[in-house]
Amino acid sequence: MGFGDLKSPAGLQVLNDYLADKSYIEGYVPSQADVAVFEAVSGPPPADLCHALRWYNHIKSYEKEKASLPGVKKALGKYGPANVEDTTESGATDSKDDDDIDLFGSDDEEESEEAKRLREERLAQYESKKAKKPALVAKSSILLDVKPWDDETDMAKLEECVRSIQADGLVWGSSKLVPVGYGIKKLQIQCVVEDDKVGTDMLEEQITAFEDYVQSMDVAAFNKI
């Protein structure tokens, strides 16, 4: 298993393809699996790898919480497609000072029993909350205006990037291109969200992260269902 060399374009392409139908490396919530792969990537993937870029920006937003994310961080070869081998070079093998700080949490060998216990408790609490289904789920129908930079922006690619955003409680609907003048068209796209899971701020943050295509995003209509 693996993604090839995640520091190379080929490795990032494997990661992008892997995330085409997934929100996370493993499971349905961010975990130490995402942290392990995130650490191996040199920086934000290029805009044309919209699935990988969407995932990268999402995991980056968990920077302060990464040490407490559930799961156990494993070697890169434990993640990814089964038919691809991990060849990513680890920068930690060349030099590792005693004063180095692991921003994403301790290594498994150094992790204290107390830290393990707390992490397992958090995971159990999350699973317990997830199992309790609310009697009524509040939903909203939102119409978004997504504006490109100019008339040369690839609107098909822009829409692909927008629809690549996946989240629990988010369902994309119909869309159309609407002229705004000077040959420029904006993307008007419908979505239905669960109010306690997805907000317009989150949508705006993730959509405008595709900055090579998107100039801005506005809420054109918002209706409770």
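Along the chain as shown, the residues are counted starting at 1.
Each residue, glycine too, has its Cβ placed from N, Cα and C.
The feature domain 'GST C-terminal' is assigned by Swiss-Prot to 1-90.
Under a cutoff of 8 A between CB atoms, and with a sequence separation of 6+ in the same chain, the neighbours of Lys7 (N6-acetyllysine) are Ala40, Val41, Ser42, Thr88, Glu89. The feature N6-acetyllysine is assigned by Swiss-Prot to Lys7, with similarity to another entry given as support.
Here Swiss-Prot flags Ser8 (among others) as phosphoserine. Spatially close to Ser8 (phosphoserine) yet at least six residues away along the chain is no residue at all, judged by Cβ distances under 8 angstroms.
Its own atom aside, the Cβ of Ser42 (phosphoserine) has 11 Cβ atoms within 10 angstroms in the protein chains shown. The feature phosphoserine is assigned by Swiss-Prot to Ser42 (among others), with similarity to another entry given as support.
The annotation region 'Disordered' is assigned in Swiss-Prot to 79-98.
The phosphothreonine annotation in Swiss-Prot covers Thr88 (among others). Classification of Thr88 (phosphothreonine) by DSSP places it in coil, neither helical nor stranded.
What Swiss-Prot lists as phosphothreonine is Thr93 (among others).
According to Swiss-Prot, the phosphoserine annotation covers Ser95 (among others).
Here Swiss-Prot flags Ser106 (among others) as phosphoserine.
The SUMO2 cross-link annotation in Swiss-Prot covers Lys147, and the record cites similarity to another entry as its basis. Long-range Cβ proximity for Lys147 (SUMO2 cross-link), meaning a same-chain Cβ under 8 A and a gap of 6 or more residues, is found for Val180, Ile184, Lys186, Leu187, Val214, Gln215, Ser216, Met217, Asp218.
As annotated by Swiss-Prot, phosphoserine applies to Ser174 (among others). In the shown protein chains, 9 other C-beta atoms lie within 10 A of the C-beta of Ser174 (phosphoserine).
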